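These notes concern the structure reproduced below.
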Amino acid sequence: MTSRLGLFRHQYSTGARRYCVLALCLLSQIGWASSYKQGDPVILYVNKVGPYHNPQETYHYYTLPVCRPKEVHHKALSLGEVLDGDRMAESQYKIHFRENTDRQTLCQMTLEEKDVDQLREAVEELYYFEFVLDDIPIWGFVGYMEESGFLPHSHKVGLWTHLDFNIEYNGDSVIFANVSVKDVKPVPLDEGARLSQGGMGGAGGGLMVTHTYSVRWFESPLPYARRAERLRDYSFFPKTLEIHWLSIINSLVLVVLLLGFVIIILMRVLKNDFARYNVEEDGGCDDLDQGDNGWKIIHTDVFRFPPYKSLLCAVLGVGAQFLTLATGIIIMALLGMFNVHRHGAINSAAIVLYALTSCVSGYCSCSFYTQIHGQRWVWNIILTSSLFSAPLFLTWSVVNSVHWWSGSTQALPASTVLLLLGAWVLVGFPLTVIGGIVGKNRAGGFQAPCRTRNIPRQIPQQPWYKHTAVHMAIGGFLPFSAISVELYYIFATVWGREHYTLYGILLCVFAILLSVGACISVALTYFLLSGEDYRWWWRSVLSTGSTGIFIFVYSVFYYRNRSSMSGAVQSVEFFGYSLLTALVFSLMLGTVSFWASLAFIRYIYRSLKMD
């Protein structure tokens, strides 16, 4: 596979300098309908090619030996488009609005032996191409491959040299476009093929090929505002996303039953605890240790501040940031700000929101750090700002290096790297500092119903089912089971070519995930305190934060059993970013579970009748 990828190396070296306009295109995701008059030129952009089963392994279209102009003119792209691996360039196809063209010659070219080998390998790897016409992606296969028989075995490889463009219009707007090769014979690219038919022939040891195309216009009743529906109904790629109400309802019922069970059991148990502990109303806070057991006896230790305060607060701050970010993305999607014709809109929105919500992480982290008597608040801000950005930069460096080595368009140009770095240095990090300073100045005292003794109580030996690993297994599996159904569709969208549109369902699943995480954390914290173990601070974060481990394990399962992805380029990107995804889920759920546990502990100790 490595040698095949090397065929595309060094052939696209000038495009990176053309993206200096990215800063101006950062938010240019909302466009207006393009209107044409009959005969107006409609620009067709060539974009990228890549293996059908590896969505993130893409190369510029002109890395293949195909018809190309003497000077390549690239389209100015937005940040989201560049992150998606788009590298649009004007093609030689001459298309005019509502004017049919029949078998127009695109170019004639002579393929050398290395060109034929390169095309043959591309066809055998099931390479597809992507063109873009009026923001509408057009997909098709580079060639045709046929395997037949065992004895005798035949292996036929052919190149499509004629494309039929079928374009639908309504009034003065383009609604849909696709390409077909129906009733077209491919040009053979078999070993030693030198045929003189179908527009090709031998010429000085090379292979002469004539590329042609036809254009057909069809009137469509679909208005421009609904043209996204036409693209969603198109089936070049396999349809994996369907309305899955039955599975969602099943998960919802299971989650409701789980939450009801946890809440009812806890309320009954707490009611009995309060009735038992509050029998004697006289006596101070220091006298309650005599003759008692359970969570009441550790009231002078339960609010003892944990070790690694700065790291804990950084986790809570970054987790709060990603909770805000995820909520914002889902709300924007529900408001219709993303559609299938705006390439990379979600990527651009995520970059902008991540930078703007950095103030949330700084505020939450430094505010709580000050409340629990933290002294090194400058170090806390630095740790908060780098807790996710450092793993992100390390992962991206490895993934981008692999893409750059293979010549993939997923390798970011230098201008894009500088733009992203500038967004973090000039926006993200300063907002983290500002949020941290505001949080430090506005932080109040830590609200603890009971005072903490100077000498910690000895913790009794705990049974095996109350150990951290067991709680992590339970606390991670239950939230994961709540989203396991929807997780497949999200993976199929992120690592496939589907367009996710069920944002209402996604919001419900997100709320269910957070609710389950909070309830499970409260239950596990109660069981921990009942064993007279007051080390709940980090345990509450790790219990449901372990959901990220289950998500990464699921990603391995998805890669091996639910996808056809292969190769070093695709594998490095998939597992690298899957690790980051697992980290994000761990931070979010760890934050929710911690605050739920803290609120629960404050409630139960405040409800005790202690003087």
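Here the Cβ of each residue, glycine as well, is placed from N, Cα and C on the backbone.
Heads up, TrEMBL stuff is auto-annotated, nobody curated it.
Positions annotated as signal peptide by TrEMBL: 1-35.
According to TrEMBL, the transmembrane segment annotation covers 245-267 (among others).
Tertiary proximity for the transmembrane segment (311-338) is limited to same-chain residues at least six positions away from its ends with a CB under 8 Å from its CB atoms, namely 29-30, 345-346, 349-350, 353-354, 357-358, 360-366, 368-369, 372, 374, 380, 383-384, 387-388, 503-504, 506-507, 510, 514, 537-538, 541, 584, 587-592, 594-595. Taken from TrEMBL, the feature transmembrane segment covers 311-338 (among others).
For 344-365 (among others), the entry in TrEMBL reads transmembrane segment.
Annotated transmembrane segment per TrEMBL: 377-399 (among others), in sequence order. Beyond the ends of the transmembrane segment (377-399), by six or more residues, the same chain brings 310-311, 313-315, 317-318, 322, 358, 361-362, 365-366, 369-370, 410, 424, 428-429, 432-433, 436, 440, 572-573, 576-577, 579-580, 583-584, 587 to within a C-beta distance below 8 angstroms of the stretch.
Among the features that TrEMBL reports, transmembrane segment is placed at 411-438 (among others).
The annotation transmembrane segment is assigned in TrEMBL to 469-491 (among others).
Among residues of the same chain six or more beyond the transmembrane segment (503-529), those with a C-beta under 8 A of the stretch's C-beta atoms are 248, 251-252, 255, 258-259, 262-263, 265-266, 269-270, 294-295, 298, 302, 323, 326-327, 330, 333-334, 466, 471, 474-475, 478-479, 482-483, 486, 490, 535-536, 539-540, 543-544, 547, 588-589, 592-594, 596-597, 600-601. TrEMBL lists 503-529 (among others) with the feature transmembrane segment.
Marked as transmembrane segment by TrEMBL: 536-559 (among others).
Residues annotated as transmembrane segment in TrEMBL: 579-605 (among others).
Counting Cβ pairs closer than 8 Å and at least 6 residues apart in sequence, the transmembrane segment (411-438) and the transmembrane segment (344-365) reach three or more and so form a contact.
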